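The block underneath contains the structure these notes are about, expressed in structure tokens.
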Amino acid sequence: MDARSPDLTTDAAGWRTDVPTTKSLAEVNASVALPTAGVWWRRLLAFVGPGYLVSVGYMDPGNWATDLAGGSKFGYTLLSVILLSNLMAILLQSLAARLGIVTDRDLAQACRATYSPAVNFLLWLACEAAIIACDLAEVIGTAIALKLLFGIPLIGGALIAALDAFLLLLLMNRGFRFLEAFVIALLAVIAVCFAVQIVAAAPPVAEVLHGFMPKSEIFTNPEMLYIAIGIIGATVMPHNLYLHSSIVQTRAYERNETGRREAIKWATTDSTIALMLALFINAAILVVAAATFHKSGHSDVAEIGQAFELLSPLLGLGIASTLFAIALLASGLNSTVTATLAGQIVMEGFLDLRLPSWARRLLTRGIAIIPVIIVTAIYGERGTADLLVFSQVVLSMQLPFAVIPLVRFVSDRRKMGKFAISPYVAAIAWIVAGVIVVLNLKLLADTLLG
């Protein structure tokens with residue numbers, strides 16, 4: 001999988017000499033100015049944004065389905081799995097940010113400058129499949145939200161979802177900071193919606209805190225283990241690693257050792273705080289499911305539409321179901337923005353092929369909408385639930401192809417110099433990568449074998 005073949009020459013850092021260096025997302029690269037002086041929090045605020053764009057992928061409809069299933073069936077027990085998967089995500093996203101800041105390459109560009117053309121083409125195909133699978137989940141989530149809120153049939157909602165292809169174009173024309181503000185505002189809407197539902201559900205605090213402690217029964221109960229693997233598989237998104245390694249470069253930090261060191265510090269802080277928000281939202285979905293469905297004996301709630309119908313009656317709060325659907329719609333809109341960006345980064349990085357963002361969006365979403373319309377027409381809403389699970393399986397299959405190159409690059413002192421991660425951190429990263437790969441392979445095998 002290396003570029004170490006007779007016909008491919010590399011420089012001292014191990015990058016292929018026949019691959020030109022281009023800026024990642026050139027139209028917004030280094031476009032966000034940083035304060036040259038002042039108190040530390042002003043520097044931090046200037047870096048706030050990329051982490052929140054990344055966090056969007058950690059609360060898409062695939063996460064909702066696994067969190068609902070875990071909470072309704074097993075109460076608060078699987079909160080520890082959500083915490084563990086979030087800690088894994090924090091580590092991997094910090095490594096992605098480090099790679100982008102130090103090498104001035106996103107993960108796709110780093111792969112292209114290291115591996116042979118054949119390997120890069122296969123990696124690109126795998127990543128495109130993952131992005132389309134992610135888009136599939138967004139189409140389903142948006143269509144379900146539109147049906148729950150406005151009574152629009154699922155097929156109509158899926159077609160309406162195609163129109164958001166122009167949302168990113170509109171936001172990018174206003175500047176990258178405007179796009180970040182839009183995403184953060186929708187994340188705030190999601191957080192408020194679930195905060196209200198948690199207050200209404202009034203879960204016992206002691207039981208919730210106890211749920212964050214790992215339990216041996218997670219490994220001894222096959223059904224619980226299956227859902228736990230699903231939670232981890234739905235949490236760590238491969239396209240987020242490509243996305244984060246690129247968008248951290250939108251900051252105009254000094255491209256020298258001092259500037260890069262400070263950028264790594266603030267970018268890691270930004271993504272860690274943002275992913276803690278994702279932890280809250282994922283935990284909130286599970287807690288609401290546990291306090292509402294599990295407590296009342298509804299232990300088989302795994303579908304979003306089913307949860308919507310039961311929430312208000314069980315909570316005794318008329319607006320609860322509406323808040324749930326609003327949060328789902330906000331999640332779908334946010335995921336649209338980040339998946340489009342990730343698609344652009346991957347296509348430009350691996351192939352050096354540049355398409356207008358609206359054309360890129362229409363292509364990806366057009367491919368994703370076809371199976372949604374066919375399955376909905378034949379099998380109805382139940383079919384979309386199965387399709388949602390399938391999209392998570394496809395994402396799981398691609399994950400190793402993003403995680404392994406990332407850990408390998410940031411461990412390489414030739415490529416990273418002084419910024420290469422320590423052997424201790426590298427060991428943890430490889431363990432995390434190994435755990436994710438093994439768990440996702442098990443999830444894939446269990447799903448295919450029924």
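Every residue gets a Cβ built from N, Cα and C, even glycine.
Per Swiss-Prot, the features are as follows:
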TRANSMEM  44-64  transmembrane segment
TRANSMEM  77-97  transmembrane segment
TRANSMEM  121-141  transmembrane segment
TRANSMEM  152-172  transmembrane segment
TRANSMEM  181-201  transmembrane segment
TRANSMEM  218-238  transmembrane segment
TRANSMEM  273-293  transmembrane segment
TRANSMEM  310-330  transmembrane segment
TRANSMEM  366-386  transmembrane segment
TRANSMEM  387-407  transmembrane segment
TRANSMEM  419-439  transmembrane segment
Long-range neighbours of the transmembrane segment (44-64), counting only residues six or more past its ends (CB under 8 A): 32-35, 86, 89, 93, 97, 134, 137-138, 140-141, 144, 176-177, 179-180, 183-184, 187, 190, 231, 234-235, 237, 239-240, 243-244, 247-248, 250-251, 263, 266-267, 269-275, 277-278, 281-282, 285, 304, 328, 331-332, 334-335, 337-338, 341, 388, 391-392, 395
Beyond the flanks of the transmembrane segment (121-141) by at least 6 residues, Cβ under 8 Å: 57, 60-62, 64, 108, 111, 115, 158, 161, 237-239, 242, 304, 328, 331-332, 335-336, 339, 342-343, 346-347, 350-351, 364-365, 367-369, 371-372, 384, 387-388, 390-392, 394-395, 397-399, 401-402, 405
Assess whether the transmembrane segment (366-386) lies in contact with the transmembrane segment (152-172), where contact requires at least three Cβ pairs under 8 Å among residues 6 or more apart in sequence. yes
Counting Cβ pairs closer than 8 Å, which of 77-97, 218-238, 273-293, 310-330, 387-407 has the most of them with the transmembrane segment (419-439)? 387-407
Out of 77-97, 152-172, 181-201, 218-238, 273-293, which stretch touches the transmembrane segment (310-330) the most, going by CB pairs under 8 Å? 181-201
The transmembrane segment (387-407) vs the transmembrane segment (181-201): 3 or more CB pairs under 8 Å: no
With Cβ distances under 8 Å as the criterion, find the stretch in 77-97, 152-172, 181-201, 273-293 that has the most pairs with the transmembrane segment (218-238). 77-97
With a Cβ cut-off under 8 Å, give me the same-chain residues at least six positions beyond the ends of the transmembrane segment (273-293) that come close to it. 51-52, 54-55, 58-59, 63-64, 67-68, 70-72, 74-76, 78-79, 82-83, 86, 89-90, 93, 187, 190-191, 194-195, 197-198, 201-203, 208, 211, 235, 299, 301, 307, 310-311, 314-315
